[in-house]
Amino acid sequence: MYSTAFLDLPPLVNAAGTVRLPGSKSISNRVLLLAGLAEGTTDVRDLLDSDDTRVMLAALEALGCRLQRNRASLLVTGIGGQLRTREAKLFLGNAGTAMRPLTAALAVLAATQGGAFELSGVPRMHERPIGDLVDALRQLGCPVADLAQPGFPPLRVGDGATHMLQTGAPIRVRGDVSSQFLTALLLALPLVTTDGPVTIEVDGELISKPYIDITLRLLARFGIDVQRDGYRRFVLPQGSAYRTPGRIHVEGDASSASYFVALGAIAATDKPVRIEGVGLDSIQGDIRFIDAAQAMGAQVKGGDGWLEVKRGAWPLKGITLNCNHIPDAAMTLAVMALYADGPTRLTDIASWRVKETDRIAAMATELRKLGATVEEGADFIEVQPLPAGAWRAASIHTYDDHRMAMCLSLAALNPLAGAGQPVPVRIEDPRCVAKTFPDYFEALFDLVQPLAGSVPVLTVDGPTASGKGTLASELAAKLGYHLLDSGALYRATALAAQDAGISLEDEASLAMMAAQLDLRFDGHRVLLGGRDITDPLRLESTGGMASRVSVHPAVRQALFQLQLSFRRLPGLVADGRDMGTVVFPSAELKVFLTASVEQRASRRLKQLLGKGVAATLDGLLADLRARDERDMLRSVAPCKPAEDAVLLDNSALSIDASVEQVLGWWQARRPF
Ligand SMILES: Nc1ncnc2c1ncn2[C@@H]1O[C@H](COP(=O)(O)OP(=O)(O)OP(=O)(O)O)[C@@H](O)[C@H]1O
Ligand SMILES: Nc1ccn([C@H]2C[C@H](O)[C@@H](COP(=O)(O)O)O2)c(=O)n1
């Protein structure tokens, strides 16, 4: 997962390969609540691991459910409809799929068994309406107190006392703001059917009906057979009781599939994008997104648990579509619309305005930043195609909304819109995808090809102990980029030579060995032929040997391709001696880092003593001078600033100040 302040996506031009989807958020949180309320233990497979499921799990644990995590599954032992805890404060983040059903379930349990629970979330959750559900619970006779603005969380349900509920008369609930209110009642009211059946009647036209279908199917799996009259009237039979189904499998998230369906439709020109975990047999309403994608031109094939998507019509075809049945996935259509031959109008999407953010306003604002013409209304959005040449590089604000981040990432495919200046796209706060798809960007990068030469590179060259490694790894962490410590390759070659008894002057043998290095970087550990060489790699003596090995042109040539292979999406920070001059001459920013030799020697001394390695200042000064001379005066790729490098003397700069300085230079070169 990328937890950086922003993530820059270079222009992308092709897509192919397979993505395995994380579990559906809607199914995961429903299953968790049902398992938590049921008698017995439920073995939940392929559960989504994300922010929204984590808050649900924390709530269940606080309520006395037992959770046992195994490698492939989560075992949930429920409370069997009996409160184990009578008071708790539950923080539910921005998870509507946790807030609404837990409010209803705890309201009826607290009222009938005596309890009091506070439910709160992030500030945006406190702006998301829940009044219609609260009204329905109050009709029943459940005490519900608004703790801030009436009709919005935070709420307190129950007052510690027991109450008789009015289950004899139908409970009325509005269906035209969020279908989650009805889902919440359907999940909660089986708990109070001891004295007779309980009826729910829906006022107004129910939106997002497919989500109710998911709720009903899952209720059936947990032993509740709801009788119904279409989507207007639902009857929970007397004596309903949750029974664990034993094992339950969570299918992949159909809303998350929409980004990869769109990716295939836009960019899979040769081989398809294959999506695993969700398919034509899906119980999720958002699977119908594929109909919309096909209407726009996508070629879609599928079976049970899989889909394959390729580009069909190109440009895509603009469509007008009522999106009431696919409210979440429909956002993806708004970005696909940029690649269409005419306007795309998405209607009946008023619910977008009360989601993680006001999604109609957010989508319109961000698409306009890219250069698009967008019209928005109370319950629609109309997006004009964005012709080649009209795209602008944009820094996309994501509003703490995972779907904004994932949808807008598709704008990086802009080179496919036609001849014109390709532009990168910046996604602000990429971590917001953690709500449903923590590894979304990693999955995207596995499938796409960047425009040739567009993966950004930042080089940091300089003499030994100037702080290159420290600076480069901080920069890579801040930008979410890969890191190449090129010195480590020379060091590993030197160690391998030592192990094999090869002389450091034997250029041909060294080069042959360097070309076959079995080197693996595993986090901070470095493995050579499976052996952990992390510690020996950093020895001063190894640095000295590396310096001698690196003077040989054939060795440098042997390591050249390996270094180039580190240039992968989304970008690279490379440190060494010749990164800016030889290996990445087209790097966007080249920094040449220096510090006085005295300063460098004293830093290295501190570093070594800190690791318990004996050293003296005089000895280090002599070693550094010798190494500087060899590295700077050798005939091939000497350590020197590239002509277009920026010099940074950090003798009097802290590490943080150096990082800020370089990030400032980097930002100045970005088009955002
Ligand atoms: N700006 C700075 N101010 C103070 N200390 C620093 C600064 N930058 C780096 N250091 C410290 O200097 C030491 C050497 O830094 P580092 O290992 O990053 O250098 P290097 O140039 O990568 O060395 P080498 O070429 O030997 O790999 C480390 O202990 C690091 O914490
Ligand atoms: N791009 C590079 C990186 C390193 N070397 C050589 C010269 C250094 O003295 C030695 C060890 O590097 P360090 O880990 O200290 O950065 O490797 C080089 O020639 N070119």
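Cβ coordinates come from backbone N, Cα and C, glycine included.
The following features are taken from TrEMBL:
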type     : residues                                             : note
DOMAIN   : 16-444                                               : domain 'Enolpyruvate transferase'
BINDING  : K25, G96, R128, Q180, R359, R403, K435               : phosphoenolpyruvate binding site
BINDING  : K25, S26, R30, S178, S179, Q180, S208, D328, K355    : 3-phosphoshikimate binding site
ACT_SITE : D328                                                 : active site, proton acceptor
DOMAIN   : 459-663                                              : domain 'Cytidylate kinase'
BINDING  : G462, P463, T464, A465, S466, G467, K468, G469, T470 : ATP binding site
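Counting in whole angstrom, D328 (active site, proton acceptor) lies 8 from R403 (phosphoenolpyruvate binding site) by their C-alpha atoms.
The Cα of S208 (3-phosphoshikimate binding site) lies closest to that of G96, out of the binding-site residues G96, R128, T464, K468.
Proximity to ligand 1 (Cβ under 6 Å from any of its atoms) holds for none of the recorded positions K25, R128, D328, K355.
Highlighted here are the recorded positions (S179, D328, T464, T470) whose C-beta falls below 6 Å from ligand 2: T464, in sequence order.
Considering only the binding-site residues R30, S179, K355, G96 (phosphoenolpyruvate binding site) has K355 as its nearest partner by CA-CA distance. A Cβ within 8 Å of the Cβ centre of G462, P463, T464, A465, S466, G467, K468, G469, T470, the residues given for ATP, is found for these other residues of the same chain: L471, D575, L593, A595, R600.
Its Cβ taken as reference, R403 (phosphoenolpyruvate binding site) is surrounded by 30 other Cβ atoms within 10 Å in the chains shown. Relative to Q180 (phosphoenolpyruvate binding site), the binding-site residues R30, K355, G462, T464, S466, T470 all have Cα atoms farther than 10 Å away. A distance of 16 Å separates the Cα atom of R30 (3-phosphoshikimate binding site) from that of K435 (phosphoenolpyruvate binding site). Around the Cβ of K25 (phosphoenolpyruvate binding site), 28 further Cβ atoms fall within 10 Å across all displayed protein chains. Nearest in space to K355 (3-phosphoshikimate binding site), taking C-alpha to C-alpha distance over the binding-site residues K25, R128, G462, K468, T470, is R128.
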